[in-house]
Amino acid sequence: MSTSAGHPDEIRTDELDREQEYVGTLYGRLDDLREHAAQRLSRALRETGGTLQDRSQRESAVALYSEQLAQFSAVEQGLCFGRLDFHAAAPRYVGRIGLFRDGDHQPLLLDWRAPAARPFYLATAASPEGVARRRYIRTRDRKVVGLDDEVLDLAAARDTHAGPAGEAALLAAIGATRTGRMRDIVETIQAEQDRVIRADLDGVLVVQGGPGTGKTAVALHRAAYLLYTHRRELSARGVLIVGPNPTFLRYISQVLPSLAETGVLLRTLGDLFPGVTARADEPAGAAEIKGRLAMTEVLAAAIRDRQRVPDEPLEIVVERDTLVLDPETIRAARASARRSGKLHNLARPIFDTEIVHALARQVADRIGADPLGGENLLDEADLAEIRRELRAEPEVQAVLDWLWPILTPQRLVGSLLVSADRLAAAAPQLTDAERALLLRGPEHGWTPADVPLLDEAAELLGEDDRAAAARQQRERRALAEYAEGALEILTGSRSIDVEDEDDPEILSATDLLTAGRLGERHEEEDRRTTAERAAADRRWAFGHVIVDEAQELSPMAWRLLMRRSPSRSMTVAGDVAQTGDLSGASSWAQVLAPYVADRWRLVELEVNYRTPAEIMAVAAGVLAGIDPSLKPPRSVRETGVAPWTFRVPPQRLADELAGRVRRELAEVGEGRLGVIVPTGRLDALARAVVDAAPEAAVGAQPELESPVVVLTVRQAKGLEFDSVLVVDPEGIAAESPRGQSDLYVALTRATQRLGVLHPGPLPPALSGLDQSS
Ligand SMILES: Nc1ncnc2c1ncn2[C@@H]1O[C@H](COP(=O)(O)OP(=O)(O)OP(=O)(O)O)[C@@H](O)[C@H]1O
């Protein structure tokens, strides 16, 4: 049985007053903690001087108290949202963070992630876990504004209307107008979602669910839960969350801070190769080819293609002498470097040695030849000297660089994609048309599908750490020299600092420190956060990796992600019915088998919290066309608002759209309107929308907080709006072999209202829609 005290008429003032008093105590405690952290912070900021260790401690304190202050601000709204009453235990209050009483450390508020708070999400009338009553406490600006109670007893268990937990609070949350930023769901997590959020850290967990089933919300709350429960392990290794595009990342960016978690790296695939921000567009077909596993062979062949053997002998002029390298010698050197089994960049020294030896022999034959016809007059030491000199010759270096160049991943992939000849040599398995699709101009920027290629190339090339090591060595030397100077100054000023120069008791700085050690101390300590260090390091192994909209990732992208997660501790959220990318997944088993065989767990979410039943009925028709065996998720609510369609002559489409945008904006009031259009019509239709609503957001990364946003399906993936206008559904479906899935995504973005404008015939799957006037 569920009793609601939320309606103003029903609010029991005595209960409200009692809760208000308790909530007031909690905010009082929060204020104390905030004040304490603020004082500590300003003290740490004021202090100066002291030893290096003092400075380091101060910097740690500043970081700690700044983070605490940020956390306390983040939990200000809705600090406490629940209370559990037990048959045989004291009540527990549940909130965004844990709070303890000053002095005796009695718990005042349980963090929602603590095991003791779990019955708040799991207890049901049939399985009450000792809970007599669950109370949802609604607050606004520190004021308790409503209470929703659920009494968990057997009578309630027999109640045939077993709605979702906290139905009133849930319906209020999902019916609220959208703001363009995702909100946390911590107050109304449902039992099926809770089980995913608190699943074990280890292994690969796949969260499959239709649109609006809360996969993104669950994935983010899981990150917060894992960081809370495995703090030590994960704060050292970090948690990576991968989303489909920068707009989506901005959409979800507020959720973790509102749960007081900041130590997570949010990234798109395009950001996962340090030093590259891949944002350029390319044809879907080109991205599909780049996503194929066969690209590993193409890259390996592209590297082999750069290990040159010319058809003709090469002449090298060294100190007016002409040395000759014939193809056989180069081929033999290449074979021995390849045989070493080392990666390309790391095998270069072997190649160099062979070539330099061959050249040195030529030099020795000339200058060491015995005029009397005896053995060569040069000994091993002479030969070594000749080799050393040859290596230092710019001419020789240039030839070596040409024959076996040290390559960066950017250079390898970049030069491959701009050269028809290189593509032909490296990718004979592709058709001419496929290679033509890959070919691009030298000015083209990196695309997201290039990033797994860069990562693969880095693995195949091997990173030549010698340059970095030499740089480090140079820096160390410079620091040591600086330190030596500093020590000289110290020694020079000794007579001023120390009264009795000869006092053997007084140790000078030079006695304690060598210049090298002083230099080391001056090296900057790495003060970056785990997330910052992880972002800069391609070989970083994350403690946990969460992938959202995972169905869109290509086989090559999976290879990259698996490298970032050697422990295979991963959460993979997605919906194979929504796959739009041509190289995306149609089966989780297929995607994961190469990495974990069948050792992965699947959880399916089946309730749709976003799309009302009226809209879902329309989308279900499209889903059946994609795969009749797929079941649409069950909507948790009806709104009574029927979705509509309107057929408009093509020449009137822009005008009609402008009128409909005005009408929908009036309908949604404070809410948001999304206009989803075929990619090919984006520019023209966006102009029409901007004419009707100048504040409309359009472009590569549209601002979702605008009242109206015009997007393609690709951009709309994972997002939601109060009202959605889908324009030219047939055009959307026709743009891609996976067009039906794109249409399904477009139709399921609305939380309240859906309208479809079609200039041509309505796709048969939508024929059930009401025609609007
Ligand atoms: N337990 C819940 N309480 C309140 N709101 C919820 C709950 N679960 C999900 N929602 C809301 O439902 C909406 C859809 O959730 P979300 O975007 O996570 O779904 P999804 O499965 O990722 O959808 P899609 O596959 O379409 O991207 C969001 O507004 C989310 O806040």
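Even glycines carry a Cβ here, placed using N, Cα and C.
Around the Cβ of T216 (ATP binding site), the same chain contributes M182, I252, D548, A573, G718, each under 8 angstroms and 6 or more positions distant in sequence. Residues annotated as ATP binding site in TrEMBL: G209, G210, P211, G212, T213, G214, K215, T216.
Here TrEMBL flags 188-612 as domain 'UvrD-like helicase ATP-binding'.
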Residues lining the ATP site besides G209, G210, P211, G212, T213, G214, K215, T216 (CB within 8 A of their CB center) are D575, L605, N608, Y609, R610, P633
Same chain, |i - j| six or more, Cβ under 8 Å of G209 (ATP binding site); the result in sequence order is K215, A573, D575, E604, L605, E606, P633
The mean pLDDT across the domain 'UvrD-like helicase ATP-binding' (188-612) is 87
Cβ-Cβ distance under 8 Å, sequence separation of 6 or more, same chain as G212 (ATP binding site); the residues meeting this, in order, are N608, Y609, R610, T611, P633, S635, E720, T748
